[in-house]
Every structure is written in C-alpha cells, then in structure tokens.
Ligand code: BG6
C-alpha cells in the first residue's frame with residue numbers, strides 16, 4: 001500500500017449535493033479501509049451559514065448517503081470520523097478575500113499537524129473556478145514552500161474549446177499543470193481502467209486490435225432516468241457536453257490509444273492525447289448531417305407510470321433544443337484505425353441503465369462454413385462498464401451433429417465472481433490517487449482541449465447548421481428510429497439488457 005502523506009482537504013461548494021452524496025462517503029470508505037493519513041482533516045467551505053456541528057450532521061450523522069454504511073457501527077468510531085470534519089462560512093460570495101479561510105486553514109494545520117499539504121476540491125459552478133484559484137493565490141494559499149498544494153476541478157471543464165482553453169490559461173496563472181487534477185469519475189471505474197489491462201496485458205487481444213481484424217466499435221451509454229432535478233443545468237449542457245465530451249471520449253481514448261511505454265501517468269496521458277488528436281474532426285455539413293443524430297425524449301408511459309417529456313421537466317425551456325440523446329459516427333485518422341467506424345451513443349430515458357463497449361471483429365477472410373457471417377455470427381468482445389461488470393467474448397462453436405453448423409457461444413468473466421476483492425467506488429479511488437499525487441486517472445489540459453476540439457464542430461452544427469433535426473423518442477425506448485440509419489450498413493445497435501449475456505433487443509417491460 002502506498003503511503004499517503006498528512007494533509008488537509010478543503011472542499012469549495014461543500015454545502016452542495018456532491019459533497020454529501022459522493023465526496024464524504026468516499027472519504028468515509030477510505031477511513032474504514034484505513035487509507036487516510038494519520039493527520040488528516042476536511043474543511044468544507046461555501047456560502048451557507050453553518051457551524052461545524054451542523055455541517056457534520058448534514059454530511060455524516062443525518063446523511064442519507066451514509067445511513068447504511070454507519071448504521072451498524074459504534075458511535076465513537078463514527079465520531080472519530082466526524083470529528084475530522086469542519087466548516088468555514090465564506091459569507092455571501094466566493095469572490096471575497098480568503099483571509100478568514102486562511103486563518104482557519106492555519107489553525108487546523110497547527111492543531112492537527114497536517115503539515116501544510118492541501119488539496120482544494122472545487123465543487124462549485126465552473127464559472128467560479130478561476131475566481132477561487134485567484135483568491136487562493138491572493139491569500140498565499142497556493143504556495144508550495146511549506147507543503148504541496150493541489151487543485152481538483154469537477155466537470156464540466158469548459159463549455160466549448162474556447163472556454164476550456166480560457167479556463168486552462170486562467171488556472172495556470174495560479175497553479176501549475178502538475179498541481180491541477182481534472183476529475184472524470186468514469187476514469188475511477190474499475191471497468192474503465194480495465195480497458196488498459198485487457199488490451200496491454202493479454203497477448204490474445206492486442207495483435208487483433210486494429211483495422212485488419214476489427215470491423216467497427218460500438219459504445220453505448222444509456223440511463224433510464226431523465227434529467228431528474230438538474231433540468232436547469234442540463235438544459236444548458238445536453239448529452240454531448242454532459243457525457244460525450246468527457247466520460248465517453250475518455251473511454252474512446254483508452255480503446256484507440258497506442259501502447260504506452262510504461263504505466264507512468266505522463267506516458268499513459270501522452271498516448272491518450274495522441275489518440276484524441278487523431279479523431280477525425282467533422283467539419284462539412286454533409287458529414288455532420290450523415291454522422292450525427294440528436295434527439296429528445298417525449299412524454300410516455302413506463303411500466304404504467306406517466307413520464308414527463310424533456311420539455312416539460314422543471315428548469316427546462318419549453319422550446320428547448322437541447323439533446324438528451326446523441327449518437328455519433330466517426331473515424332480515427334491513424335495507421336491502426338484507418339477506415340474503422342466508431343459508433344458512440346449516450347442518452348437519458350432509455351429502457352435500462354447500461355454502459356458497454358462492443359468490439360465487432362471482421363468476418364473470417366475466407367469462409368468455409370456458410371453459417372458463420374456478418375453481424376449476428378461474427379466475433380464480438382463486449383466490455384461491460386456497468387452494471388453486471390464483466391467481459392463477454394462471443395465466438396463460434398460447432399452445433400453437434402452432421403455437417404458444420406456454426407452457433408455463437410459465450411465466454412464470460414464477471415467482476416462479481418471476484419468475491420474476495422473490494423472494488424473501490426470511483427470517487428474513493430480518485431480521491432486517494434490525488435492524495436498520493438498520482439494523476440494517471442485525471443485529465444490533463446491538452447487532453448480536455450483535444451476532446452473539445454472534436455466536439456465543438458458538432459455542437460456548432462447542431463446550433464447553427466442548415467436543416468438540423470431534433471428527433472423525438474418516447475421515454476423508455478432505445479432512441480429515435482433514425483439512429484439505426486447511422487449504423488445501417490453494418491446492421492444494428494446492440495441494445496443491451498441489464499445482464500451482460502442478454503442478447504440484443506432485450507428490454508425489461510415489467
Ligand atoms: C454525470 C452526468 O457526469 O454522469 C450525469 O452529469 C450522469 O448526467 C452521470 O447521470 C452518470 O454517471 P454514472 O456513473 O451513473 O454512469
């Protein structure tokens with residue numbers, strides 16, 4: 001186990017939902033796993049007027065997100081955790097000077113001997129990131145002469161290429177790039193990290209991982225929920241910004257990248273950037289028309305329950321043209337992937353919640369058995385990111401009897417079969433990495449910009465293009481019919497079920 005140095009975690013936006021829902025439970029898991037350093041405190045900071053006690057009640061004692069975890073634990077054990085959590089009211093605004101905050105940080109540092117190492121976690125609206133970084137610098141809270149300082153930044157990182165660049169430049173005035181950790185919680189998922197291991201620690205996959213053997217790559221990210229209570233945020237964002245630019249392009253980069261020299265953060269991140277830069281940017285309207293589809297869910301009934309359409313959701317403009325479904329076809333311009341189409345889709349209000357990658361292998365060059373063949377019969381490698389995490393290989397076997405009839409069989413691995421292994425939650429893993437100064441699973445400035453460079457023209461086309469369509473799909477189905485046209489020449493999307501081995505077309509109807 002790597003040693004974690006003594007330190008303090010300062011969370012900006014601490015009275016917000018993310019802190020109670022994800023961050024404190026992640027730190028609590030680290031506490032239980034004895035992964036926290038000996039001298040460690042959390043200081044929540046935000047604009048709400050709360051005392052330490054009130055904050056502890058909110059994020060620990062009365063938190064619905066910790067309820068199950070703490071119910072069977074001894075009181076003094078829980079208190080041992082809660083007593084490390086403090087709160088500082090910043091007043092009405094984040095744009096204030098941080099002398100009070102500095103005093104509090106100094107006092108906690110002295111009292112708990114946390115040694116001047118500090119992580120600042122920015123869980124505020126993105127418009128405040130630069131302001132907070134500047135205020136920290138003005139108060140001398142970014143200097144590294146008495147312990148390191150790191151900045152974790154939540155998504156969204158920018159709204160477009162230009163805003164992401166501006167944000168990078170803004171933050172770089174006060175923090176150096178190695179101090180900045182841009183979080184993408186998909187990289188904290190074991191199954192996403194396992195993409196690297198599947199590819200680079202098995203000699204059976206990597207030799208086939210190229211245009212000679214792969215016909216196309218399909219990625220589905222489906223959620224059954226709608227926009228929930230986040231209509232206001234989502235309506236300004238949409239599926240492409242919310243999921244595709246970050247989480248899905250991160251997955252794409254791990255599939256596309258060349259083998260890194262080793263497992264050092266910069267070696268991996270250099271290859272990921274190269275991969276993102278090799279995505280063919282779609283610039284002409286014809287390509288954008290043919291290769292992109294956007295849609296919105298409309299009111300429907302799911303399991304007998306009426307479900308609102310997107311435009312009826314709270315916080316959403318009734319005339320909104322924000323997409324809740326995005327499907328994109330694209331190519332990768334490099335030696336390995338020349339001519340191989342990638343199909344990636346993400347959406348809300350689908351029949352089920354599932355994220356998976358499907359590598360579709362080509363039909364054998366010379367077919368001896370007439371039953372093997374395109375689509376249903378070709379080899380597929382299904383990498384299930386969530387749920388029912390695992391890997392499924394579809395391959396041909398002979399049907400017993402006369403002749404050579406070929407049928408598909410499954411070879412599967414499930415994470416759940418690793419009964420003894422504790423799988424860390426994404427935020428837990430990522431926080432621990434940042435505490436130990438390991439940025440492998442965080443996005444670098446150039447990585448984020450390369451992703452925006454690919455996404456920007458699509459957003460621009462959707463906003464300003466001629467004859468751009470917004471399709472509708474009934475809440476609870478696999479998107480608009482037209483989405484199949486994107487993948488037409490190769491068959492159909494694999495509409496996965498809850499279980500990894502469910503065959504396409506499966507959906508839960510009761
Ligand atoms: C977030 C998006 O980044 O990821 C949400 O903002 C989305 O809209 C969520 O619901 C999905 O995360 P997960 O881990 O549940 O797939």
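Just so it is clear, glycine is given a Cβ too, placed from its N, Cα and C backbone atoms.
Summary of the site annotation: TrEMBL records substrate binding at 185, 189, 242, 348, 353. Screening the candidates 162, 223, 266 against this entry identifies 223 as the one listed for that site. Nearest by CA distance to residue 247 (active site, proton acceptor), out of the binding-site residues 47, 155, 353, is 155. For the pair residue 242 (substrate binding site) and residue 155 (NADP(+) binding site), the Cα-Cα distance reads 9 Å.
In this structure, 242 are the binding-site residues from 47, 189, 242, 348, 353 whose C-beta falls under 6 Å of some atom of ligand 1. Under the DSSP three-state reduction, residue 155 (NADP(+) binding site) is assigned to coil, being neither helix nor strand. Binding residues for substrate (185, 189, 223, 242, 348, 353) extend across at most 20 Å, taking the greatest CA-CA distance.
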